[in-house]
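Let me begin by presenting the structure, written as structure tokens, before commenting on it.
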Amino acid sequence: MGDPSAPLLTHIEDEGTSPSLSFHKIFEESLSGFTFPQFLQILLVGLALAFDSQQIFITVFTDAYPTWHCLDHRVCNPSTTTDICKLPRSAWEWDGGFKGKSAISEFKLECSSSFLRSLPTSAFYMGSIVGGVFMALVPDSFLGRKKLLFFTTLAMSLTGISIFFSSNIWTYAFLKFVIGFARSQTGTYALNLISERVSTKWRPRATMIPFTLFVLGFMSLSGIAYLVRHASWRVLYLCTSVPAAIHSVCIYFFALESPRWLHVQGKNQEAIEVLQRLSPVNRDYLESVSSRLDSKEQSPNSSIKDMFIRRWAFRRIVVVMIIMFGLGMMYYGVPLAVRDIKVNIYLSEALNAMVELPTFVITPILLEKFNRRSSVLVNCLLGGALGVLCFVMTTFERTNIAFALELGSFFCARIGFNLMAVYMIELFPTCVRNFATTMLRQSLVLGGASCPIIASVGRNVPSVSFAVFGLVVSGLGLFALLLPETKGSSLCDTMEAQEQSDQALKTKGSSPSC
């Protein structure tokens, strides 16, 4: 973090004779360090991803297939009978005698089709897709990063609380759809809000903090699920949604808006005030240069249609979506398919969450030492190979090795997502960054939406889903070769500035300031 005892920026020239300054220069100089207020703001906003992760993976526990035992050993032999649907209902019982442990048992879905059993999870992802499409049409100038984050987190948490009162599978699936719709852009708004409040130097490390909180939310879910394992599955929704609702209110009152977004909207004075709160040590500097902010800098007229009429932008968004579809299949699918390896569900999900933590140390190193394009490519190929090997080991009943390979494939999927999240922020300017990041998450969710059915098929063909995930992510990862390199580039605010930066990169080999 920046040293609070460090001297203020002193290179302030006479205001009457000094040339105007660009907002980008003021932004980079005032936030050249990493201050404690910045860290607190990142934690506040990043916690939204912790609660988001709990809603993403909660069905691993609430919709799990419960264990059972035989009651009538004349017709039921636990060592040979694996399909309870072939037994009379009086011959067996759920372990603990409690049918409310899972939505599967409470709604009597144990003998239903894989489609119906996976309906709530699929509805959640479909809601995320529909919500993503709807929210993608909301222009970047609407409300702002902070208010959009507040509304999406509040809606997600309130709907999660209402699941406690669901009476059948259809009501449950509908509420899961609403949750998916509400949280569809939570990660987008949080990530953009964080990345637009730190300098270029600190961006790779700062953006890993919310991802770390995402994993901690995932890990805490396993602990919460274990503590309430003897209670109704509905209780788990209450335990995760009530704190999320409280957090959304804290966002409204205490989170700061993105200074870059304020500048793009022509609210320069408000942007300067946010910078002063983020970097109190440079308050005098910011007060001195606020009057020298370039008055010729205009708010861009760029809109969503610019993403489609400009060939470079359209090509980038399509390539990114293709790569993220493959990563989405592996990232969301592996935790669902791991139950086919026949390991303890609480331990496996906790280890899957724990294996993500090192990725937030490794990712900044990759971003600082290697270029974006090759890092994404190698990561996708490696993760895909591990997925295929996991399927092979499961076929030979090498459970421990298969589980280790599963953790490795999940590890690569997480690193791939981290890399692509930072990559996407650098590929598009502020005026369309929300939309571009929305498309990234849309493709991620599209990949995730296909996972429940594939993972459910894995119950009949053990672990074949791992091979599917591995082959897809390896093949689609090759599209990274079509993206430009952005390492060391500054964030641009307009489409025109992005084009100039890209052109300078091609001709000079280094990206100038936007």
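One-based numbering along the chain as shown.
Cβ atoms here come from the backbone N, Cα and C positions, even for glycine.
Remember, TrEMBL labels are computer predictions, not curated facts.
The domain 'Major facilitator superfamily (MFS) profile' annotation in TrEMBL covers 38-487. Mean model confidence of the domain 'Major facilitator superfamily (MFS) profile' (38-487) amounts to 85 (pLDDT, 0 to 100 scale).
The transmembrane segment annotation in TrEMBL covers 31-51 (among others).
Residues annotated as transmembrane segment in TrEMBL: 123-142 (among others). Outside the transmembrane segment (123-142), and at least 6 residues removed from its termini, the chain residues within Cβ reach (under 8 Å) are 55-56, 59, 148, 152, 173-174, 176-185, 188, 261, 264-265, 303-304, 332, 430-435, 438-439, 441-442, 445-446, 448-449, 451-452.
Long-range contacts of the transmembrane segment (148-175) within the same chain, counting only residues at least 6 positions beyond its ends with a Cβ under 8 Å from a Cβ of the stretch, are 45, 48, 51-52, 55, 103, 107, 109, 116, 119-120, 123, 135, 138, 142, 182-186, 189-190, 193, 234-235, 237-238, 240-242, 244-245, 247-249, 251-252, 255. Under the heading transmembrane segment, TrEMBL lists 148-175 (among others).
Summarising the annotation, TrEMBL assigns transmembrane segment to 207-228 (among others).
Sequence annotations record features per position, and here TrEMBL assigns transmembrane segment to 234-255 (among others).
Taken from TrEMBL, the feature transmembrane segment covers 313-333 (among others). Residues 56, 125, 306-307, 376, 380, 383-384, 387, 409-410, 412-414, 416-417, 420, 423-424, 427-428, 432, 436, 439-448, 450-451, 454-455, 465, 468-470, 472-477, 479-480, 482-484, 495 of the same chain lie 6+ residues outside the transmembrane segment (313-333) yet bring a C-beta within less than 8 angstroms of a C-beta in it.
Among the features that TrEMBL reports, transmembrane segment is placed at 345-367 (among others). Within its own chain, the transmembrane segment (345-367) has Cβ neighbours under 8 Å at 57, 60-61, 64, 204-205, 208-209, 211-212, 214-216, 218-219, 221-223, 225-226, 229, 334-335, 338-339, 375, 403, 407, 410-411, 414-415, 418-419, 422, 487, counting only residues six or more beyond its boundaries.
The transmembrane segment annotation in TrEMBL covers 376-396 (among others). Within its own chain, the transmembrane segment (376-396) has Cβ neighbours under 8 Å at 323, 326-327, 330, 334, 340-341, 402, 405-406, 408-409, 411-413, 415-416, 419-420, 423, 462-464, 466-467, 469-478, 480-481, 483, counting only residues six or more beyond its boundaries.
Same-chain residues lying 6+ beyond the ends of the transmembrane segment (408-428) with a Cβ under 8 Å from its Cβ atoms: 191-192, 195, 203-204, 207-208, 211, 215, 313, 316, 320, 323-324, 327, 330-331, 334-335, 352, 355-356, 358-360, 362-363, 366-367, 372, 375-376, 379-380, 382-384, 386-387, 390, 436-437, 440, 444, 466, 469-470, 473, 477, 483-484, 486, 489, 491, 498. Per TrEMBL, the feature transmembrane segment maps to 408-428 (among others).
Beyond its flanks by at least six residues, the transmembrane segment (464-483) meets 315-316, 319-320, 322-323, 325-327, 329-330, 333-334, 337, 340, 372-373, 376-377, 379-381, 383-391, 394, 406, 409, 413, 416, 423, 427, 451, 454-455, 457-458 of its own chain at Cβ-Cβ distances under 8 Å. Sequence annotations record features per position, and here TrEMBL assigns transmembrane segment to 464-483 (among others).
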